[in-house]
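Participant: So TrEMBL lists these for the protein:
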ACT_SITE  D27  active site
BINDING   D27, E211  Mg(2+) binding site
BINDING   28-32, R40, H44, 72-74, W76, R78, R192, 198-200  substrate binding site
ACT_SITE  N75  active site, proton acceptor
Amino acid sequence: MLSRLISSTRAIPEGYAVPQHIAVVMDGNGRWARKRFLPRVAGHKRGLDTVRNVVKLCIDRGVQHLTLFAFSSENWRRPQDEVSFLMQLFMQALREEVKKLHKNNIRLRVIGDLSRFDAKLVETIAQAEALTAGNTALTLSIAANYGGRWDILNAMNRMLASDAGKRDNFTEEDLAPHLCLADAPEPDLFIRTGGEQRVSNFLLWQLAYTEFYFTDCLWPDFDEAAFDLAIDSYRKRERRFGRTSEQLTGASPQDKQD
Ligand code: IPE
Ligand code: IPE
Ligand code: MG
């Protein structure tokens, strides 16, 4: 299993018509609100409705992993009021939704540097993760105070503290198990709403061979039709992982490995 996961920049996933793992930069909440002459935070509230809906859609379509960028390590630079609102919304959502997630067999986890969050929030996160740890319908990972560079550095420090750290000449296989999401296949599909075409320090390592999909649709407007457009776009792509197109047509599953 592990070798399959960490070699996912090489092996063609079997039957990739439906992405197994979708990673989303949920962008455009502020602009959605501004268009309606509402405060930015009203957009974040509506964005939470979209999260609920997208979780449902993923289960319905057979997606196994959904990773959502909720708060980046750079978002602390926002006005204090907005940061506080986002923290409260996160806390409230965790409290209110966790039972529902559990009932729907969803495993929840939070990835990111939790050391900057207050103790109460960290405890609520730990309880939610423990309660839902055995669930299998969908793994929902929320990236909070997450940064891709932090993830890689954190993994490196953990690797150095492990047995592998006693050697030199480290390999990808030494580092990869220490990254966030190491137990999930790398994202098949990256979606960014809100019109910007950038990664904004999301999963830098894990997106090495992910298919990218950008849409102008603002996150609160990202409904079932918009979700299906992203899936349709993904299904039309040919994932080659360095090979030629000719190698893929008519090749045996063996040829699609290394
Ligand atoms: C994304 O929406 C949500 C977070 C970053 C928390 P934004 O708040 O970035 O919305 P825009 O980009 O200003 O429209
Ligand atoms: C990225 O959105 C982070 C999240 C969606 C949580 P931003 O709106 O903060 O991204 P930039 O700074 O405009 O790239
Ligand atoms: Mg934004």
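Every residue gets a Cβ built from N, Cα and C, even glycine.
For each feature listed, report its degree of burial, its nearest neighbours and the pertinent distances within the displayed model.
Facilitator: Annotation for D27 (active site): same-chain Cβ neighbours under 8 Å, separated by at least 6 residues, are R192, T193, G194, G195, E196, L218, W219.
In this structure, E211 (Mg(2+) binding site) is part of a beta strand by DSSP. In sequence order, P19, D188, L189, F190, Y234, R237, R239 are the residues of the chain that are 6 or more apart from E211 (Mg(2+) binding site) and have a CB within less than 8 Å of its CB.
Remark: G28 (substrate binding site) has G43, T193, G194, G195, C217, L218, W219, P220, D221 as non-local neighbours, by Cβ distance under 8 Å and separation of at least 6 in sequence.
For N75 (active site, proton acceptor), the same-chain residues 6+ apart in sequence whose C-beta sits under 8 angstroms from its C-beta are V83, L86. Secondary structure from DSSP puts N75 (active site, proton acceptor) in a helix.
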Participant: Near ligand 2, meaning Cβ under 6 Å from any of its atoms: which of the recorded positions D27, G28, S73, N75 fit that description?
Facilitator: D27, N75
